[in-house]
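Below you'll find the structure, written out as structure tokens, and then a few comments.
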């Protein structure tokens, strides 16, 4: 089985990378526009590459220490797995950003010809990042699994293979949390600081070249939404596939179906890469000029093709009949196929729900715009109300997904649903990475003084880009929540396995019964401790953005004060100073909060062990803390990302001209618009820093707990 399916899976991963290379050539061959556009894009490119180089250097230092620890505490193959996960995650983000900072001016230039041409370049740029994320993640896991089992000769379900693959997921997780948090602090420090002085104090429009923070804002779009999201979804993809393979190794140990069950998630991802590539060719602007409609055509085509891909993957690996029993439940290939379908349906519903809560001209966004008419305070109140309300429907969908898949295929069925969800990652990341390119294109059009019709086209693309970014975050959080649940299942089952084999693993000998009962005070304590982590983490992230934004406010005011010619247009702002200031702030502020979810499981386990003297109580508290992180993290992340997206598009409503309930039209520069800018400055760090960074924090706590078990077993 492995000998036939794995090479095909690897070939699918290679095709994804080949598609990305071919599309890169197509994007880079497009017209770059006039000299002024090239000059502005050059500033953005230099700033983004300088920031990312410094960020990766910082991560490399931390990563090197962790790799040495993995080698010492686990094994050489675990350390190599960690390095593979970290390096490939970094490469996906770096190459994606490398293309996006070159596609921005080409999109602006293409938009000067037609809206469709602008959409084509921006989407292709996003598709490059998307296919690299899916392709490199699949190649990393499948090739390393093949090497471990076929070249090094480890049995597929052995602890050596499981530990090495979990370490690969940990490598991706560590990059992800740093990239998400660091990129988020940079981008929102620039955005909020620049808006407060530029729009509110000086009364100049967004992306005005007189604002010294403008270039930093455009740099931030790339390092946050392109490189950051790429690392985030790479990690979710790799971690969820690995977790599902770990469950297969536990549930089907010693049965003939073991290898097929472990390869099944890889086969699903391989098939879905092909369907995602096919889906990209359906993104074309129709006669109604609906940009969202064009993007949805591609997403719907990918989803429909993925049903067939899922069927082929199921038939080629586990077949349609009975494959074994999980927790006394008979599992069939047909049931697992339906679990995959549930994953695709959950994805579709989360996309639709998130678009409803963040899309322009929808009730939630209109309610915030209407609240802006009566002032700043009412805007913030209504924005918070929408952010809280937006958690209900996604949570109900996720609950339905969990129960439905558990009834069909047990916890392994839930893992297959998450794998099918992440099979669509190539197309979903393409929709997300489309956002920063269109945002930058609008900035370049404004700064280069292009025709107002060009700015109108880029604004239309950017408004959709805001929604696609929010939709992608909803998808990333939903899949992360389900993925973390699969990781928790792996933790609980690993724990049972070690406890049942105490003679082989002496640390776990005679530890007694491990109970997750709520009557156990250590379980309740663990739940509460885990529950506080997303809030504390989010609070630290918001504080970091506030500090960075304050520094930018001071810097922009200083430049306006010391260079009066800037506002008159006779002096050039010092763009590099703001970029450098933010780079230092983001790198400095990202390290401590990033270590919080890494260290939390260790604090819980060893803290409870020290207090209670019972290993069973410590493991129960640790397991409960993982559930606390998953549940609270899910709600915190959804409320922040959807609420922030709604605030942003409420502000956009005024830029297009918002007609309130009394029929009065409010435009850019009006008092209502100023109130919406205040809401947007609150929503920005909500949706682009704290909310998205909670996502990898949820998974990293679960992975560290899994690795802790492996270390103790050694």
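Any Cβ shown, glycine's included, is placed from N, Cα and C.
The annotation signal peptide is assigned in Swiss-Prot to 1-20.
Sequence-distant contacts of the transmembrane segment (85-105) (same chain, six or more residues past either end, CB-CB distance under 8 Å): 20, 24, 27-28, 32-33, 37-38, 40-41, 44-45, 48-49, 52, 56, 59, 63, 121-122, 124-126, 128-129, 132-133, 136-137, 139-140, 167-176, 179, 218, 222-223, 226-228, 230-231, 234-235, 238, 433, 436-437, 440-441, 443-444. Under the heading transmembrane segment, Swiss-Prot lists 85-105 (among others), citing sequence analysis as support.
Marked as transmembrane segment by Swiss-Prot on the basis of sequence analysis: 128-148 (among others). Long-range contacts of the transmembrane segment (128-148) within the same chain: residues 2, 6, 9-10, 12-17, 19-20, 23-24, 27, 77, 80-81, 84-85, 88-89, 91-92, 95-97, 99-100, 154, 160-161, 164-165, 168, 172, 226, 230, 233-234, 237-238, 241-242, 245, 262, 266, 269-270, 272-273, 276-277, 425-433, each at least 6 residues beyond the stretch ends and with a Cβ under 8 Å from a Cβ of the stretch.
Among the features that Swiss-Prot reports, transmembrane segment is placed at 166-186 (among others), with the record citing sequence analysis.
According to Swiss-Prot, the site 'Important for ion transport' annotation covers 180 (among others). Other C-beta atoms found within 10 angstroms of the C-beta of residue 180 (site 'Important for ion transport') number 31, with every protein chain shown included. Residue 180 (site 'Important for ion transport') carries a helical DSSP state (H, G or I).
Look at Swiss-Prot and you will find 188, 687 tagged as substrate binding site, backed by similarity to another entry. Applying an 8 A CB threshold to same-chain residues 6+ apart, the list for residue 188 (substrate binding site) reads 220, 224, 545, 548, 549, 684, 685, 688, 689.
Around the Cβ of residue 191 (Mg(2+) 1 binding site), the number of neighbouring Cβ atoms within 10 Å comes to 28. As annotated by Swiss-Prot, Mg(2+) 1 binding site applies to 191, 195, with the evidence given as similarity to another entry.
For 218, 221, 439, the entry in Swiss-Prot reads Mg(2+) 2 binding site, with the evidence type similarity to another entry. Packing around residue 218 (Mg(2+) 2 binding site) is summarised by its Cβ count: 32 other Cβ atoms lie within 10 angstroms of its Cβ, all protein chains included.
According to Swiss-Prot, the site 'Important for ion transport' annotation covers 225 (among others), on the basis of similarity to another entry. In the three-state DSSP scheme, residue 225 (site 'Important for ion transport') falls into the helix class. Every protein chain considered, the tally of other Cβ atoms within 10 Å of the Cβ of residue 225 (site 'Important for ion transport') stands at 30.
Its Cβ placed at the centre, residue 232 (site 'Important for ion transport') has 33 other Cβ atoms within 10 Å. For 232 (among others), the entry in Swiss-Prot reads site 'Important for ion transport'.
The transmembrane segment feature in Swiss-Prot is assigned to 238-258 (among others); the stated evidence is sequence analysis.
Sequence-distant neighbours of the transmembrane segment (263-283) (same chain, 6+ residues past either end, Cβ-Cβ under 8 Å): 1-2, 5-6, 8-9, 11-13, 15-16, 19, 119, 123-124, 127, 130-131, 134-135, 137-138, 141-142, 145, 237, 241, 244-245, 248, 294-295, 297-302, 305-306, 308-310, 312-314, 316-318, 336, 340, 415-416, 419-420, 422-427, 430. As annotated by Swiss-Prot, transmembrane segment applies to 263-283 (among others).
Residues or ranges marked as transmembrane segment by Swiss-Prot: 298-318 (among others).
Per Swiss-Prot, the feature transmembrane segment maps to 383-403 (among others).
What Swiss-Prot records for 411-431 (among others) is transmembrane segment. Residues 16, 123, 126-127, 129-131, 133-135, 137, 229-230, 233, 236-237, 240-241, 243-244, 247-248, 251, 261, 264-265, 268-269, 271-273, 275-277, 279-280, 295, 298-299, 302-303, 306, 309-310, 326-327, 331, 335-336, 339-344, 346-347, 401-402, 405, 468, 471-472, 475-476, 478-479, 482-483, 485-486, 489, 493 of the same chain lie 6+ residues outside the transmembrane segment (411-431) yet bring a C-beta within less than 8 angstroms of a C-beta in it.
Summarising the annotation, Swiss-Prot assigns site 'Determinant of potassium independence' to 469 and lists sequence analysis as the type of evidence. Of all the Cβ atoms in the protein chains shown, 30 others lie within 10 Å of the Cβ of residue 469 (site 'Determinant of potassium independence'). According to DSSP, residue 469 (site 'Determinant of potassium independence') sits within a helical segment.
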The transmembrane segment (383-403) vs the transmembrane segment (618-638): 3 or more CB pairs under 8 Å: yes
Alpha-carbon spacing, residue 687 (substrate binding site) to residue 648 (Ca(2+) binding site), which is rounded to whole Å: 9
Sparsest-packed among the recorded positions, when each Cβ's other Cβ atoms within 10 Å are tallied, from 195, 221, 439, 648, 688: 195
Those residues of the chain, 6+ apart, with a Cβ under 8 Å from that of residue 699 (site 'Important for ion transport'): 173, 235, 236, 239, 480, 483, 484, 487
Rounded distance in angstrom between the Cα atoms of residue 218 (Mg(2+) 2 binding site) and residue 191 (Mg(2+) 1 binding site): 9
Recorded stretch that, among 166-186, 470-490, 522-542, 693-713, has the most CB pairs under 8 Å to the transmembrane segment (238-258): 470-490
Distance [Cα-Cα, Å, rounded] between residue 648 (Ca(2+) binding site) and residue 221 (Mg(2+) 2 binding site): 14
Extra residues within 8 Å (Cβ to Cβ centroid of 648, 680, 684), Ca(2+): 191, 644, 647, 651, 679, 681, 682, 683, 687
When distances run from the Cα of residue 195 (Mg(2+) 1 binding site) to each of the recorded positions 180, 225, 439, 469, 680, the nearest one: 680
